[in-house]
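So the structure is just underneath, and the comments pick up after that.
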Amino acid sequence: MSAGILGVGKFIPERVVTNFDLEKKMDTSDEWIRTRTGIQERRIADEKTNTSDMAFAAAKDAIKNAGIRATDLDMILVATVTPDQPFPSMACMLQDRLGAGHVAAMDISAACSGCIYGMITAKQFIDSGVYKHVLVVGVEKLSKITNWEDRTTAVLFGDAAAAVVLGPVSEGRGIISWELGSDGSGGKNLYQDGPFIKMNGREVFKFAVRQMGESAVHVVEKAGLKKEDIDFLIPHQANIRIMEASRERLGIPEEKMIKSIHKYGNTSSSSIPLALADAVEEGRIKEDDLIVMVGFGGGLTWGALTLRWGR
Ligand code: ACO
């Protein structure tokens, strides 16, 4: 058995906050934000919408698109650094709201790499034949830990949720190779201090450029593939310059990189499945396409995988 993606779903808050809106609130400019990060606008959830509400909406969408019922799930994993509360977990709240059976449910804390960590965890249970359907949700309400007085971080983030249902797929399809890693010594460069995100942007940037490139190359090599085999790269949508660096390291053309940072900003653990959800919705991804996903995040953590699309 090999684990693949059976369905993708997403939830994006209605409220759009553009760079021009931020110009009115803080000492920044659309030009600075666009050229340094590639972000043009982001979605910000309203007061009433919490992380669990976004997770629920994305999960329902993914379950529907996978063509299964919530009662078919064997495990629920939620990647987030902005849960409603430390416990009970978002995964347990989802189990109840979805009406899933009394299945295994837990949250994963790996910041922006969270969804890759979730998918690789799911894969172990599916490959071994223990579980059939695992729901993995990446969700963040980063606006609640954003310091709107700090222009160096406030312009970067957005709120969103995205989800995938993993299950067994036919031979040759699904996740082919993967890599996960961490380096806690870099934790001081990206963390939550009291209520807010703190970041040493330059250090994170250097780490991300190196690690995203290396991990992407590693998983392609591990899968025994060549750069010509890659149909799409879906990097963590943190900064267009970091994303471009990983694309160049892989040596693939621009049109093969999936980008949604301009419309959502950095949505942390939801960014990779969200970019995937849009690409699937737009009909860009076809049966048997070879996709490379790569992410990095607070921890510091990283993760990458190659996947052949289709059931
Ligand atoms: N608007 C205008 N000017 C700004 C802004 C802003 N929003 N923010 C910073 N500046 C200023 C700085 O004060 C600095 O001014 P100075 O030269 O007078 O001191 C100047 O712009 C340059 O600042 P740098 O920090 O050198 O800018 P840099 O080119 O490094 O870009 C950025 C900053 C975009 C944050 C970049 O470092 C980056 O993307 N880092 C990685 C961030 C990231 O991906 N984080 C992941 C977090 S995900 C998670 O796990 C939650």
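Backbone N, Cα and C atoms are what each Cβ position is placed from, and that goes for glycine too.
If you check TrEMBL, you get these features:
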- Cys112: active site (ACT_SITE)
- His236: active site (ACT_SITE)
- Asn266: active site (ACT_SITE)
- 106-184: domain 'Beta-ketoacyl-[acyl-carrier-protein] synthase III N-terminal' (DOMAIN)
- 221-309: domain 'Beta-ketoacyl-[acyl-carrier-protein] synthase III C-terminal' (DOMAIN)
- 237-241: region 'ACP-binding' (REGION)
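Features per TrEMBL, on structure.
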residue : record      : DSSP class
Cys112  : active site : helix
His236  : active site : coil
Asn266  : active site : strand
Practice task
Please work out the number of neighbouring Cβ atoms within 10 Å of the Cβ of Cys112 (active site), leaving out its own Cβ.
Solution key: 31
Handout entry: Of His236, Asn266 (the active-site residues), the residue whose Cβ has the fewest other Cβ atoms within 10 Å
Key = Asn266
Completion exercise
Taking DSSP helix as H, G and I and strand as E and B, the domain 'Beta-ketoacyl-[acyl-carrier-protein] synthase III N-terminal' (106-184) has 26 helix, 30 strand, 23 coil
Problem - Integer Cα-Cα distance in angstrom, His236 (active site) to Asn266 (active site) - result: 8
Handout entry: Distance, Asn266 (active site) to Cys112 (active site) (CA atoms, angstrom)
Key = 9
